Each structure stands twice: as C-alpha cells, then as structure tokens.
Amino acid sequence: MNHLWLFIVTVSCIYLVYGQGEESVPCKVKFMGTACPLGRLVCEEDGDCLGVNQVCCYDGCGTTCHNKTTTLIPSTTQPQIQPIIPSTQPQIQPIIPSTQPQIQPFIPSTQPQIQRIIPSPELLCPVVTVRYAFCRFSTYTPCHTSNDCAVPGMKCCPDVCGKRCKFPINSTDHQQFQQTPLKPTVPLPQYQQTPLQPTVPSSQPPLQPTVPSPQSYNYKGACST
C-alpha cells in the first residue's frame, strides 16, 4: 500500500516537472478548484488505457485516460491575446444617415422646351384711337406684362378698358398712327347785353276802351213782327 502511494506521488512530480505528459493535448488541463474525488488512479501509462487514441494523463487529482483530441475540463487560465494584424482589404464603413438635405443631381430634360418670344424694345404698342367704349369684362382678357400673352410675339399694351395683348408695330409706323394734338379752342365772342331802362309814366291820359253802340250791330235776318 505504501508503494502505491509512493508511485502516485512520483508520477505526480514527473507530470509537474516535465509538463504533464510531454505537452499532450488532454494533459494540459488540470483539475483545480474542488476536492479530489476518491479512486482517481486508473492508469499508470498509455498502454493501460483501453481506447485507441487515449493517453494516461494526470488531471490534478490522479491519472486517468483521456482522448488526445478532447479536453477534460475547461481551462481556467486566461486566454491568450492575439496580436491584431492590419488587414490589407479595404474596410466597409457603415452608412450613417445624414440629417442635412440631399442635393438632387440635375438631370437634363429630353422634352423640347417652349421658348417664349418676347418683343424687342424697338417694337411699340399701337396708339389707342378710341377714347370711349363699352368694356365687357366677361370677354376681356387683361394682362400685366408681355409674359402673360399666350400668343408668341404679342405685347401687353394699354387699351381703352385697361391693358391687353396686342401685336406691336415698328417705331416708324408708330409715328404715322400717332394722334394729332387737338388745337386749342378759340373762345366765342361775348356779347354784352344792354340793361333794360326803367319805364317812365306818360303824362297823357290812358286810353279808354271803346264800347260798340247798339246801332252798329247788324239786325239782318232778325224776326219781323
């Protein structure tokens, strides 16, 4: 019995000194943290293990058979920190939505644009010759500028009832249609009225009305007695 315990202590010292069975994979792990259970002596060498890929390892409490490719108990040692090797591949940056308004790219339109013809300043509006007219605003289309005219080439010109779109004329034609200025009217001669003279009473006696006499009447045709 004493030889058995001496053998166990000797094997334990060999594992501690030489790295637990020549640095085999399952023998790296030690059984630590709790009390050792009884009956941990299972093998003395790898040949005592029944498995093909098993080795006889010391786990901290005794010698047991373990597979070469598995570990008995998770290691309590700290994991090794691997050095960070900078990658040569470009890193994909995460897309962060921007709070600023995005500027839309300008895309030229394929549809033909309608060019509005604006009359040149040399073209003038025709002269308004009618001074008075009945304005029917139900059929009257006013304008403010030449851009309001729907027909190309027309110009917003003054009219009797306001402004409306008209075709302009050249400056030479405009002078021909200018209205001749009215001549100043000559005032009519004023006739002075003669004031009425007050009537003076006459010194002659007033005329008496004549009364016809009975003899002056014509009795022809009267009844005879």
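Including glycine, each Cβ sits where the backbone N, Cα and C put it.
Swiss-Prot lists 188-201 with the feature compositional bias 'Low complexity'. Positions annotated as compositional bias 'Polar residues' by Swiss-Prot: 213-225. The feature disulfide bond is assigned by Swiss-Prot to CYS27-CYS57, CYS36-CYS61, CYS43-CYS56, CYS49-CYS65, CYS125-CYS157, CYS135-CYS161, CYS143-CYS156, CYS149-CYS165. Per Swiss-Prot, domain 'WAP 1' is recorded for 27-68, and the stated evidence type is sequence analysis. Residues or ranges marked as domain 'WAP 2' by Swiss-Prot: 117-169.
Positions of Swiss-Prot features highlighted on the structure.
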residue: CYS36; record: disulfide bond; Cβ within 10 Å: 11
residue: CYS43; record: disulfide bond; Cβ within 10 Å: 19
residue: CYS56; record: disulfide bond; Cβ within 10 Å: 21
residue: CYS61; record: disulfide bond; Cβ within 10 Å: 18
residue: CYS135; record: disulfide bond; Cβ within 10 Å: 12
residue: CYS143; record: disulfide bond; Cβ within 10 Å: 19
residue: CYS149; record: disulfide bond; Cβ within 10 Å: 22
residue: CYS156; record: disulfide bond; Cβ within 10 Å: 20
residue: CYS157; record: disulfide bond; Cβ within 10 Å: 21
residue: CYS165; record: disulfide bond; Cβ within 10 Å: 18
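Here CYS165 (disulfide bond) is positioned 6 angstrom away from CYS157 (disulfide bond), judged by their C-alpha atoms. Confidence across the domain 'WAP 1' (27-68), taken as the mean pLDDT and rounded to a whole number, stands at 73. CYS49 (disulfide bond) is surrounded by 18 other CB atoms, counting those within 10 A of its CB over all protein chains shown. Close to CYS125 (disulfide bond), meaning Cα to Cα within 10 A, are the following disulfide-bonded residues out of CYS57, CYS149, CYS156, CYS161: CYS156.
Fewest Cβ neighbours within 10 Å among the disulfide-bonded residues CYS57, CYS65, CYS125, CYS161: that distinction goes to CYS161. Nearest in space to CYS161 (disulfide bond), taking C-alpha to C-alpha distance over the disulfide-bonded residues CYS36, CYS56, CYS57, CYS143, CYS149, is CYS143. Taking CYS165 (disulfide bond) as the reference point, the disulfide-bonded residues whose C-alpha atoms are within 10 Å of its C-alpha, out of CYS36, CYS43, CYS49, CYS143, CYS156, are CYS143, CYS156. For the disulfide-bonded residues CYS36, CYS43, CYS56, CYS57, CYS135, CYS149, a Cα to Cα distance of within 10 angstroms from CYS65 (disulfide bond) holds for CYS43, CYS56, CYS57. Geometry remark: CYS36 (disulfide bond) versus CYS143 (disulfide bond), CA distance 108 Å. Among the disulfide-bonded residues CYS49, CYS135, CYS143, CYS149, CYS156, the residue whose Cα lies closest in space to that of CYS56 (disulfide bond) is CYS49.
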